[in-house]
Amino acid sequence: MKFIVIKIGGSTLSDMHPSIINNIKHLRSNNIYPIIVHGGGPFINEALSNQQIEPHFVNGLRVTDKATMTITKHTLIADVNTALVAQFNQQQCSAIGLCGLDAQLFEIKRFDQQYGYVGVPTTLNIDSLSYLCTKFVPIINSIGFNNHDGEFYNINADTLAYFIAASLEAPIYVLSNIAGVLINDVVIPQLPLADINQYIEHGDIYGGMIPKVLDAKNAIKNGCPKVIIASGNKPNIIEAIYNNDFVGTTILKSSV
């Protein structure tokens, strides 16, 4: 089976171009199995704000206490994931919403005590996911379940998406409000792994892009053939990426 993992950023979910679903239907008609992974940071922040809970971050990662976890789980599963599945089904693209608990999709462990209920994926149930792909478009949110302590955990959605891509040895399209990796304010079309550390050391890659490219580097080292970072608000962006005719950045082992 040929898979493509598509990570849809929280900022893109509310402004997702309608052609994305049609492009995904087209992939499936060609026996390519897309897997959607999403987070929902802006929606979580809004839900926390409505409950007068201030979000707290350490080193760019959300600290998730028990109250925050309850709201995060409800927001991602009941609100964001359900709404996304509904969009797909309304366009006659049969989708199924999943978290890590469903079909024992993936196992997790606690990331670090200081971050509270934040987990990292450890094992992907490839058999379950492969079977679901033959029937539906899986739409996976970033909530996992820890079988050892019986608790739900929040997972960084980028980390989860890269983990799934590496486990399946599949390419990943990372769609957000970012057009690609910028060097001197210009989107670079290719970023070989060997150049990443140099760009970071020189300050050309900085801020929130650093964890994105380092996660991409790790995914490629673990089996993902390539990572594409592009804007999810462009028409027919998935088809354009598949046909290698797009504005964005392809991160890969070596330049082509």
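Cβ atoms are placed via backbone N, Cα and C, with glycine included.
Neighbour list (Lys7 (site 'Transition state stabilizer'), Cβ cut-off 8 Å, at least 6 residues apart, same chain): Val37, His38, Ala157, Asp158, Ala161, Tyr162, Ile172, Tyr173, Val174, Leu175. If you look up Swiss-Prot, you'll see Lys7 (among others) marked as site 'Transition state stabilizer'.
Under a cutoff of 8 A between CB atoms, and with a sequence separation of 6+ in the same chain, the neighbours of Arg62 (substrate binding site) are Gly41, Ile44, Pro55, His56, Thr68, Tyr115, Val118, Asn154. Taken from Swiss-Prot, the feature substrate binding site covers Gly40, Gly41, Arg62, Asn154.
According to Swiss-Prot, the feature site 'Transition state stabilizer' maps to Lys212 (among others). For Lys212 (site 'Transition state stabilizer'), applying a Cβ distance below 8 Å and a minimum sequence separation of six or more within one chain yields Asp158, Val174, Ile229.
Take Gly40, Gly41, Arg62, Asn154, the residues named in the record as contacts for substrate: the widest Cα to Cα gap among them comes to 12 Å. When other Cβ atoms within 10 Å of the Cβ of Gly40 (substrate binding site) are tallied across all protein chains shown, the result is 27. For the binding-site residues listed here (Gly41, Asn154), the lowest count of other CB atoms within 10 A around the CB belongs to Gly41.
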